[in-house]
Amino acid sequence: MAQRRLAVLASHLTQTGPAPLSALGPPPGVSTSRCSGGGGGGGGETERGGEKGCVFCRIIRGESPAFKLYEDDVCICILDSSPLSIGHSLIIPKLHAPSLESTPPPVVAAMCSKIPILSSCIMKATQSDSFNLLVNNGLAAGQVIFHTHLHIIPRKTGDKLWPSESLRRQPIEAYPKIVDLVNSIQDLVCSLSTDSCLSDAWIAAKIRNHK
């Protein structure tokens with residue numbers, strides 16, 4: 001499945017120049033990736049062939065074609081080659097990280113800061129009234145390309161895109177041991193906060209490790 005998706009992405013996309021949205025530049029202190037220049041190189045966090053084998057890194061370096069909607073120093077936005085709806089787009093960081101949790105928080109923040117204007121433009125262009133923001137993180141979640149990316153999926157009333165939307169949901173109280181789950185998650189969050197995982201020093205160290 002992964003091989004087929006990569007082949008489709010490489011063969012069906014046609015490269016265009018970046019959209020004129022340069023005013024949405026990265027926030028101060030955000031490091032960019034060596035993917036933004038030619039060549040690439042070793043190091044950093046890699047998976048499934050690493051940066052050299054990553055189709056998104058090849059697109060970022062200009063080695064593979066793409067329908068490019070937007071680009072800045074930190075990320076690009078392209079059309080998905082196998083869209084779930086017309087206008088289905090991907091926001092991709094130039095820094096190679098195989099999962100969302102391995103992506104430095106400033107890079108994630110820079111990507112997310114582009115969502116309001118990009119989603120608005122995509123909805124207007126596709127005459128949609130809504131959109132889904134989606135992250136497939138890991139094999140069980142359906143991730144195919146192991147380079148962090150966000151999906152913007154335009155939606156229209158009555159499109160019936162997700163079969164699960166017709167299913168009735170149970171109230172949360174119906175799930176057993178829900179209190180234990182809440183306590184477990186809260187304890188994990190507190191332990192991370194105690195370790196200062198979101199401190200400026202921790203973020204800076206994460207960025208240095210990805211250079």
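Using N, Cα and C of the backbone, Cβ positions are placed for all residues, glycine too.
Note that TrEMBL annotation is computational and uncurated.
The active site, tele-AMP-histidine intermediate annotation in TrEMBL covers His149. Sequence-distant neighbours of His149 (active site, tele-AMP-histidine intermediate) (same chain, 6+ residues apart, CB-CB distance under 8 A): Phe56, Leu90, Ile91, Ile92, Pro93, Val135.
Per TrEMBL, the feature domain 'HIT' maps to 55-162. In the predicted model, the domain 'HIT' (55-162) shows an average pLDDT of 94.
The annotation region 'Disordered' is assigned in TrEMBL to 18-48.
What TrEMBL lists as motif 'Histidine triad motif' is 147-151. Within the chain carrying the motif 'Histidine triad motif' (147-151), a Cβ under 8 angstroms from the stretch's Cβ atoms is held by residues 54-57, 80, 88-93, 96-100, 102-103, 108, 111-112, 115, 132-136, all 6 or more beyond its ends.
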